[in-house]
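Taken from Swiss-Prot, the feature divalent metal cation binding site covers D24, E25, D118. Among the features that Swiss-Prot reports, domain 'RNase H type-2' is placed at 18-212, with the record citing sequence analysis.
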Amino acid sequence: MVSETPEDAIVSRPEAQGCVFGVDEAGRGPLAGPVVAAAVVLGDAYPKGLDDSKKLTAKRRAVLDEDIRKTCGWGVGVVDVEEIDTLNILGATMRAMSLAVQGLAAKLGGDPDMVLIDGNLTPHGRCDLWQWEAQAIIGGDGIEPAISAASIVAKEWRDRIMTEAAQDYPEYGWLSNKGYGTAQHLEALRLHGPTPLHRRSFAPVAQQELFR
């Protein structure tokens with residue numbers, strides 16, 4: 001997080017009206033795998049107990065993910081490693097968010113009146129796909145239910161991608177670390193080098209490339 005609060009960020013829950021999408025991302029920090037964003041519009045019977053995905057147990061998160069996708073409108077945007085290395089991780093995250101909102105709007109047959117985004121930045125002016133009114137909320141995944149739901153869907157979606165990828169590259173420990181730079185992952189990078197799913201624009205991966 002930057003040291004200053006940008007003009008497009010607030011620190012409290014807004015009084016949004018009309019059709020409101022919540023948006024959050026998963027996977028900005030890992031050394032491998034895509035960045036994933038989800039957009040969610042809550043249904044009338046949305047699941048109770050929504051919270052920041054990082055505060056939930058894996059079991060509870062999986063149950064909520066299934067319930068959200070059954071009772072709410074949702075869309076997912078996935079930006080792969082090649083685009084991350086081309087755009088940088090911020091640009092890739094903004095693109096994933098844009099794709100998620102675009103996908104959900106297409107499902108619903110109409111645009112949202114407002115998009116609430118976890119964090120301190122919106123894709124407005126940062127991604128050419130973005131065309132919706134948006135508000136960034138610092139800590140929004142813990143205070144705005146639609147964002148909480150999006151954080152859960154994004155996290156579970158990305159975890160499934162990395163669990164599948166771990167079958168092809170078991171040495172890197174992706175079943176447990178999901179691509180983050182744990183000691184096991186860094187040691188595997190040193191021994192085996194980067195895979196096609198590694199982010200070569202990230203320093204620990206780039207350093208291993210230099211020595212191979």
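The backbone N, Cα and C atoms fix where each Cβ goes, and this holds for glycine too.
For E25 (divalent metal cation binding site), the same-chain residues 6+ apart in sequence whose C-beta sits under 8 angstroms from its C-beta are V35, V36, A37, A38, T93, A96, M97, D118, A154. With every protein chain in view, the residue among the binding-site residues D24, D118 whose Cβ has the most Cβ partners within 10 Å turns out to be D24.
Taken together, the residues of the domain 'RNase H type-2' (18-212) have an average pLDDT of 97.
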